[in-house]
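Trainee: Shown below is the structure under consideration.
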Amino acid sequence: MRQRYQVKQPQRSRSYESDDEERGACEWCEYALVITLATILLIGVSALTVFWVIYYRDSYGWAETDPERQFNLHPTLMVAGFITFSGFSLLLYRICRCFRRIYVKLLHAIFHALAFPCIVIGFLAVLDFHNKKGINNFYSLHSWIGFVAMGLFGIQYAVGFFSFLLLLMCSKGTASFRASLVPIHAAFGILTFVLGVCACLTGLTEKALFTLGSETYSTLPTEGIVINAIGMSIVAVAILVLYTVRGTGGYRIRKVAQHPS
């Protein structure tokens with residue numbers, strides 16, 4: 001009998017170089033433009049928030065005698081955690097084109113690890129501020145959206161760290177499980193980012209109305225312009241990040257799902 005020999009297929013590279021070869025010149029220009037704009041805005045929105053707090057809100061502090069300055073930590077750290085660090089964490093799979101996937105996963109985890117203390121400290125700052133001022137906690141839509149976003153962020157980080165990093169110690173045995181989890185993890189990651197954006201936008205609006213008052217805010221003072229600029233920057237960041245993750249080569253998640261290692 002004639003023996004049949006199986007021809008071994010070349011092992012697939014675990015970097016993203018094979019996908020890069022599929023891009024044309026126009027796609028590369030689109031990719032470079034969107035990534036550049038998203039990076040500038042991700043850094044700029046945190047810088048603009050710091051400027052707003054220092055210039056208009058009397059900087060930062062953590063003291064019994066000056067709770068208002070303690071509150072200022074809340075918007076700054078929440079924007080840094082939910083928008084800047086989380087946004088970069090999402091974009092890493094599009095920016096780090098020539099890295100091996102394990103390195104991208106580590107960077108993804110590191111950026112979320114940087115976001116985690118920002119979110120926790122920002123939450124504790126506003127919780128302590130409310131207690132000092134005698135304000136009820138979780139009384140507004142902003143607070144509930146933020147609470148849900150924080151819960152999803154914590155669950156996402158725990159599940160992702162266990163499933164996509166720790167389970168790599170048994171890579172072959174857990175490959176199918178990790179492959180099935182990729183689209184779920186990606187979908188909830190995007191949902192968490194969107195909820196973080198909603199929390200920041202509703203929080204900025206709430207702070208502007210409470211601090212400036214509806215009549216003063218409607219006249220659009222300079223502080224109102226800065227607050228609106230922060231809000232519009234967050235909206236632009238959300239659009240660019242989501243478009244980059246899902247729009248420019250949206251086949252990424254499907255391919256990673258097929259080769260999760």
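Note: Cβ is positioned from N, Cα and C throughout, glycine not excepted.
OK, TrEMBL features for this one:
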type	residues	note
TRANSMEM	31-55	transmembrane segment
DOMAIN	37-246	domain 'Cytochrome b561'
TRANSMEM	75-94	transmembrane segment
TRANSMEM	106-127	transmembrane segment
TRANSMEM	147-169	transmembrane segment
TRANSMEM	181-205	transmembrane segment
TRANSMEM	225-245	transmembrane segment
Trainee: Could you give the residue numbers and ranges of same-chain residues that sit at least 6 residues beyond the transmembrane segment (181-205) on either side and whose C-beta is under 8 angstroms from one of its C-beta atoms?
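Mentor: Long-range Cβ neighbours of the transmembrane segment (181-205): 74-75, 78-79, 81-83, 86-87, 90, 140-142, 145-146, 148-149, 152-153, 155-156, 159-160, 163-164, 227, 230-231, 234-235, 237-238, 241-242, 245-246, 253, 256-257, 260.
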Trainee: Three or more CB pairs closer than 8 Å, sequence separation of 6 or more: does that hold for the transmembrane segment (225-245) against the transmembrane segment (106-127)?
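Mentor: They are not in contact.
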Trainee: Where else in the chain does the transmembrane segment (106-127) make close Cβ contacts, counting only residues six or more beyond its ends and a cut-off under 8 Å?
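Mentor: Hits for the transmembrane segment (106-127): 62, 70-71, 73-78, 80-82, 85-86, 88-89, 92-93, 96, 99, 137, 146, 150, 153-154, 156-157, 160-161, 165.
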